[in-house]
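Per Swiss-Prot, K(+) 1 binding site is recorded for Thr108, Ile109, Thr212, Ile213, and the stated evidence type is similarity to another entry. Residues annotated as K(+) 2 binding site in Swiss-Prot, with similarity to another entry given as evidence: Ile109, Gly110, Ile213, Gly214. Among the features that Swiss-Prot reports, region 'Selectivity filter 1' is placed at 108-113. Per Swiss-Prot, the feature transmembrane segment maps to 14-34, 120-140, 166-186, 238-258.
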Amino acid sequence: MPSAGLCSCWGGRVLPLLLAYVCYLLLGATIFQLLERQAEAQSRDQFQLEKLRFLENYTCLDQWAMEQFVQVIMEAWVKGVNPKGNSTNPSNWDFGSSFFFAGTVVTTIGYGNLAPSTEAGQVFCVFYALLGIPLNVIFLNHLGTGLRAHLAAIERWEDRPRRSQVLQVLGLALFLTLGTLVILIFPPMVFSHVEGWSFSEGFYFAFITLSTIGFGDYVVGTDPSKHYISVYRSLAAIWILLGLAWLALILPLGPLLLHRCCQLWLLSLRQGCGAKAAPGRRPRRGSTAARGVQVTPQDFPISKKGLGS
């Protein structure tokens, strides 16, 4: 009966997955609370202490005026104005910054440090995202498919000798390593140099960006004390698009590479067992020891499907 099948589905698959999902969220909440709550309390106490010291040094101000000034600073920050800057700082809405913002909209990163403040800008952002997000998905699909075409040679496994399979695994690992260096290692080094961050902060920004989490605590090109080249944020937006396509390519290839390494390991074990069972004899052409592990294209649907399917 349908109700029995529904209960079986919930009991067999959905319920364990739901429990694992909730437990993972609870674990993350607990660890984040332990790591960050004390630092937040220290920062809050330090801020209150600095306000009291400021009022002691400037007795012409009272607590109410101070709170009003802090409120003005917060409103300016929400609207994308850095309180450390002045009127001579570059605009947050010049073409390069606007291009960077458009990229964060269609990629759904949404740092949160900058957003439209006018009603017309907010309405346009809604319709721009409605069209831009599907367009971004289609673009990344086709870009990832083009990148995947370069892996066609190392994704054909049928009737290949063992030495060729080893070379294919090494080639795939080299491809992933070089791509990771170009996308996830070198850009954080550049960001660290330009922004004055540590490498760990640059890598954190790169991962948070390319995973489309986009907290907004680290954003390139926003420090008013630095002089950036005019195309700096535009180049960062292009890096984001290429990085998203790269991650969409390698995320399915990670399990694939692990699976192929396991296949090679099983192949070595079977050939070793075959050699011990019949020393001095070559295995028959159709035997299991001669064939090793049979791998068909159906085992790797990634080579025949488009990105994101």
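Backbone N, Cα and C atoms are what each Cβ position is placed from, and that goes for glycine too.
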Whole-number Å value for how far Gly214 (K(+) 2 binding site) lies from Thr108 (K(+) 1 binding site) (Cα to Cα): 9
Which of 14-34, 166-186, 238-258 contacts the transmembrane segment (120-140) most, counting Cβ pairs under 8 Å: 238-258
Cβ-based neighbourhood (8 Å from the centroid) of the K(+) 1 site, residues Thr108, Ile109, Thr212, Ile213 excluded: Thr104, Thr107, Gly110, Thr209, Ser211, Gly214
Rounded Cα-Cα span from Gly110 (K(+) 2 binding site) to Ile213 (K(+) 1 binding site), Å: 8
Rounded distance in angstrom between the Cα atoms of Gly110 (K(+) 2 binding site) and Thr212 (K(+) 1 binding site): 8
Long-range neighbours of the region 'Selectivity filter 1' (108-113), counting only residues six or more past its ends (CB under 8 A): 80, 133, 209, 212-216, 219, 222, 240
Shell of the K(+) 2 site beyond Ile109, Gly110, Ile213, Gly214, same chain only (C-beta within 8 angstroms of their C-beta centre): Thr104, Thr107, Thr108, Tyr111, Gly112, Ile208, Thr209, Thr212, Phe215, Gly216
Euclidean distance between Cα atoms of Ile109 (K(+) 1 binding site) and Gly214 (K(+) 2 binding site), Å: 5
Other CB atoms within 10 A, centred on Ile213 (K(+) 1 binding site): 12
Integer mean pLDDT for the region 'Selectivity filter 1' (108-113): 86
Around the Cβ of Gly214 (K(+) 2 binding site), the count of other Cβ atoms that are within 10 Å: 19
Neighbour count (Cβ, 10 Å) for Thr212 (K(+) 1 binding site): 14
